[in-house]
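Just below is one structure, and these are the notes that go with it.
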Amino acid sequence: MWRKVRICVNPVMASAPIAPYSISSPLTNSSNQNASRESLKMEPLADVMLLPGEERVTDKDIIYICPFNAAVKGKVFITNYRLYFKNTDSETPITLNVPLGVISRVEKMGGASSRGENSYGLEITCKDMRNLRFALKQEGHSRRDIFDLLFKYAFPLSNGMQLFAFLSQEKYEENGWNVYEALEEYRRQGLPNSEWRVTFINRNYELCDTYPTILVVPYKASEEDLRRVASFRSRCRIPVLSWFHKENHAVITRCSQPLVGMSGKRNKDDERYLDIIREANGTTKLTIYDARPNVNAVANKATGGGYEADDAYQSAELVFLDIHNIHVMRESLKKLKDIVYPNVEESHWLSSLESTHWLEHIKLVLSGAIQVADKVSSGSSVVVHCSDGWDRTAQLTSLAMLMLDSYYRTLRGFQRIGHGDKNHADQDRSPIFLQFIDCVWQMTKQFPTAFEFNERLLVVILDHLYSCRFGTFLYNCESARESNNVRGKTVSLWSFVNSDTSLYTNPFYTPESSRVLYPVASMRHLELWVTYYIRWNPRIHHQQQSPVEQRYKELLALRDQYVKKLEELQLSDSSHLTNSSTPNAATPNQHITHLQTPF
C-alpha cells in the first residue's frame, strides 16, 4: 500500500516544460556552492545545460516509476530552477526536465514499514497534466534530504527565497518589456479622439488597485463621474475601453458587476455613465454581456453583487453567456487530466472526453466571444463583465479583439493583446488562461492562414505560464508588478520569443487586414488539443509539424535561395555593363529583365 501524506501546495506561480534554451552552460558544480553542497559529491552530467543564474543543488540515485516503462533506475539532479532525471539502466534514453515551479504538490509515499517493491518514495503533482513518482531505498531515511531540498526550491517564497525569475541572468538583444506600451497601442487604434479620452486618474492606483495607470474612458465623463461609478462597481473596476473600431466607432469595454444587492440598489451615475458609452457612437442600444449563467448572477445579489436590471438601464440590453465559474472549470480540467494521463482508454475515449465537459466550456467561451465580436462589427458598443471583471471577462474581450483585429493575429500583435487574468494561489488556481490559449488554438485550426504565429508559440507560452523563468506572468496586476520591479529585475518571455521568431512563424500565413474571423463554435468543429494535453504519452504519436507544413517551409527556403542567386546575377551583370570599355558600350542601353519566381 502507498501511504500518502500531503505536505504542501505551491502558493505562487510555478513552471512548466521549457523550450530549448538560447543561452546555456554545462551543468557542473558552481564555484560559489557552499561546503554542504560539495559534501553531497555531485556528479556532472554533460548533456544538461544550465541557464545563466541557475545553480546545481544536489543529485541522487533514484528509481523513476515511469507509467509507460515501469520502474527505471537513474539519477535525479535538482537545481534552483529544475528537476532533471536521466535513466542509467537501459539503452533507450528516458529523461525528465521539469522546472520546479510546475510542481503544485509534493507527497511522501509509504513509510519505514511499507512492504512491496518501490513502495517508499515521493509523488509529485504537476500543473502540466502529469504526475511523477520516484522510489528510494527505505534504509536511513534516504528520501529526507532530497525531499527537504525539493520542498525548499519548488516553493521558494514559502521558504524566504526569491523566485527564479529574479535570479536569472539571461540576456537578449531585444527588451521584451517594450513590446507593449499602452499609449502606443491606443494610438494605433485611433485614440484619443472626440469621443474617448485618456485619463491618469489611476496614476497611483487610487481609483482601482487592480487596474493599470492609463485608462481610456468616455470624453464626456469627468474624473468625479469616474469616482462615483467606481463606488458602485465591484472592486471599483469601472467600465473602461479595451478596443475601438476605427470604422464604426463601436467599442469593447470591460468592468465588474454592479453592486445591486438583494435590495436592488441603483446608482444614477453608473446608469448615466453606461448611457454615455452608448451615445459615443450613436447606437440605440448598448449590449451588456454578462459572462455568468443567469442563476449565478442572481445568486451574487446575496453577497452584494448582481446585474444591470432592465428598469434601471433602459437603453441597454443584457445578455447572459452561461460560462461557468472557476470551480467548475477546475473540476473539468481535473477530469480531463484523469483521462489523458497516464493512460488513454481507446475503447471509451469519446464518452470519457464528453464526461469532462472540457470542450463544452471551450465552446461556450468561443460562442460568447463571437457574439461580442459580431455586435461590435455591426456597429454596436458592448460592455463585458462577470463578477469581478477578470477571468471570464479577459477571455471574452481578448478573443473578440483577436477575431476583429488582424493586427493581434500577427506574432508581434499577439504579444500585445490583453490576455492577463486573475492569478490565483494554487489551491484556487483556475485554467482560465489555458482555456484562452486553447480557444486561440481552435481558431488557428479553423483559419490556418489567418495567424502569423504557429502552434509552437502557444505551447511555449503555456510552458512558461508557471515556469518562473520569465517575469511575464508573475503577479496579479500592474501595481503588484510595479511594486516588485518586475520589468527591471526579470526577463520578459517576449525577449526569448523574439530572439528567434522563425521558430514561431506560420508558413501559410496570408495577411488580410479587414477580415473578421467567425469560428464555428459547435462540438462537431472543436477538437481536443492532443499535442498539448497528451504530449507526455509516448504511445500517442505526435507530429509537431505536418508534412505539408514542412514541405511548404522547404519550398519557401528554396525560393529564397533562388531569389538571392538571381539578385546576385543581376548585380553582377549590371556591374559588368557599367564598367565595360568595349565598342559595344556605346550601343543603346541594354535592358535587364528582372525575373520573379512565384510560389
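The backbone N, Cα and C atoms fix where each Cβ goes, glycine too.
What TrEMBL says about a protein is an automatic prediction, not a curated fact.
What TrEMBL says about this one:
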- Cys386: active site, phosphocysteine intermediate (ACT_SITE)
- Asn325, Ile326, Cys386, Ser387, Asp388, Gly389, Trp390, Asp391, Arg392: substrate binding site (BINDING)
- 176-533: domain 'Myotubularin phosphatase' (DOMAIN)
- 356-402: domain 'Tyrosine specific protein phosphatases' (DOMAIN)
- 573-599: region 'Disordered' (REGION)
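Long-range Cβ proximity for Arg392 (substrate binding site), meaning a same-chain Cβ under 8 A and a gap of 6 or more residues, is found for Ala291, Arg292, Ile323, Val365, Cys386, Ile432. For Asn325 (substrate binding site), the Cβ neighbour count at a 10 Å cut-off comes to 16, with all displayed protein chains included.
Whole-number maximum of the Cα to Cα distances across the substrate-binding residues Asn325, Ile326, Cys386, Ser387, Asp388, Gly389, Trp390, Asp391, Arg392: 13 angstrom. Mapped onto DSSP classes, the domain 'Tyrosine specific protein phosphatases' (356-402) shows 32 helix, 4 strand, 11 coil. Within 10 Å of the Cβ of Trp390 (substrate binding site) there are 22 other Cβ atoms, across all protein chains. In this structure, the recorded positions Cys386, Asp388 were compared by how many other Cβ atoms lie within 10 Å of their Cβ, and the smallest count belongs to Asp388.
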